[in-house]
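Enquirer: Sharing a structure, written as C-alpha cells. Questions coming.
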2 protein chains.
Amino acid sequence: MGIEIERKFLVKDDSFKKDASEKHLYQQGYIEGPFMATVRVRIIEDTGYITIKSKSVNFTRYEYEYEIPLTDAQEMLTNLCGNKMEKYRHIVWFEGKRWEVDEFIGENKGLFVAELELKSEEEAFALPNWLGEEVTHDFRYRNSFISQNPFNTWE
Amino acid sequence: MGIEIERKFLVKDDSFKKDASEKHLYQQGYIEGPFMATVRVRIIEDTGYITIKSKSVNFTRYEYEYEIPLTDAQEMLTNLCGNKMEKYRHIVWFEGKRWEVDEFIGENKGLFVAELELKSEEEAFALPNWLGEEVTHDFRYRNSFISQNPFNTWE
C-alpha cells in the first residue's frame with residue numbers, strides 16, 4: 001500500500017509499438033459490490049483473510065477465500081469497511097458433528113448462533129440440548145446483515 | 001469453491017461452552033462495493049490477481065493486490081463480474097521512464113492510453129512524440145468506467 005501518483009495521456013498513433021519492450025494481454029472485470037457478491041475482510045486471532053462470496057444462484061454459492069497479511073486486513077477494516085463486527089467462534093463436537101457456535105460481542109452482545117455444515121441436504125444429525133429455533137433462511141442472521149444492523153438495535 | 005449446504009440455529013443458553021474444544025476471536029467487516037472501493041479481478045497472460053482499490057481520499061489511495069489461482073480468476077470473471085474488458089499493455093522506455101501504454105481491444109478498440117507512475121508530483125519527464133492530450137483527471141479514462149461504458153459507445 002502507498003500513495004500513487006500517476007499521470008495519464010491519450011496516444012496519438014501506434015508508433016509507440018516499434019519501441020515497446022513488452023506486450024501482455026490483460027483481461028479484467030469488476031466485482032459489483034452489493035449486487036453480485038460481498039467482499040469480507042476477516043481477522044481470526046492474528047491471521048487476515050479476504051473472502052469473496054456470491055449470492056446464492058440455484059443453491060450454488062461461489063466462495064473464494066485468501067489469506068492476506070495481517071496489516072493489510074487491519075488497514076482495510078479501518079479504512080474500507082463501513083460495517084464491522086466481532087464475535088467469538090466456539091467449536092463444539094456433538095455426536096460426530098462439528099458445530100460452530102458464534103458468540104457475538106459489542107453491539108451484538110446477547111446473540112448466539114450455531115452453524116452446521118452438511119455434505120448433502122438429506123444428511124441427518126442429532127440436536128444438542130442447547131439448540132434453539134432454526135434460522136437457516138432468516139436473512140437477519142447473516143453476518144453481513146448483522147454488521148449493518150446490530151442485534152441490540154433490533155425491535 | 002463448491003456448493004455450501006449449511007443449517008443455522010439460534011442457541012438457547014451458553015451451556016455449549018462447557019463442551020467447546022476451541023474458541024477464537026473473529027473480527028470482520030464488509031467492503032462496500034461502489035461506495036468505498038472497487039474490487040478488480042485481473043488475468044495477465046496466465047496469472048490471476050485480485051485488487052482492492054479505495055477511492056482517493058486527500059490524494060491517498062489504498063491499493064491491495066494479491067495473486068490468486070488462475071481458475072479462481074476465470075470463474076470470478078465469468079460469474080461475478082458484470083463488466084469486463086481486455087487490453088494489451090505495452091511497456092515503452094523513453095528517456096529513462098517506463099511508460100505503460102494500453103491498447104484496448106473488443107468493444108474498446110481504437111482507444112490507446114499511456115500511463116506514467118511518478119515518485120512525486122514535481123518529478124520531470126520527457127514527452128514521447130506519440131503522446132497526446134493529458135487525461136489524468138478525466139474519469140472517463142478510468143478502467144472501471146470504460147468497463148461499464150465501452151469506448152465504441154461514446155459520442
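Every residue, even glycine, has its Cβ placed from backbone N, Cα and C.
I grabbed these lines from TrEMBL:
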{"type": "ACT_SITE", "residues": "B:Y30", "note": "active site, proton acceptor"}
{"type": "DOMAIN", "residues": "B:2-148", "note": "domain 'CYTH'"}
Enquirer: Mean pLDDT over the domain 'CYTH' (B:2-148): what is the value?
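Expert: A mean pLDDT of 89 is what the model gives the domain 'CYTH' (B:2-148).
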Enquirer: List the helix, strand and coil residue totals of the domain 'CYTH' (B:2-148) as derived from DSSP.
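Expert: Split by secondary structure, the domain 'CYTH' (B:2-148) comes out as 32 helix, 76 strand, 39 coil.
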Enquirer: Under 8 Å Cβ to Cβ from the residue listed as 'active site, proton acceptor', same chain, six or more residues apart: give me those in sequence order, or none if nothing qualifies.
Expert: none
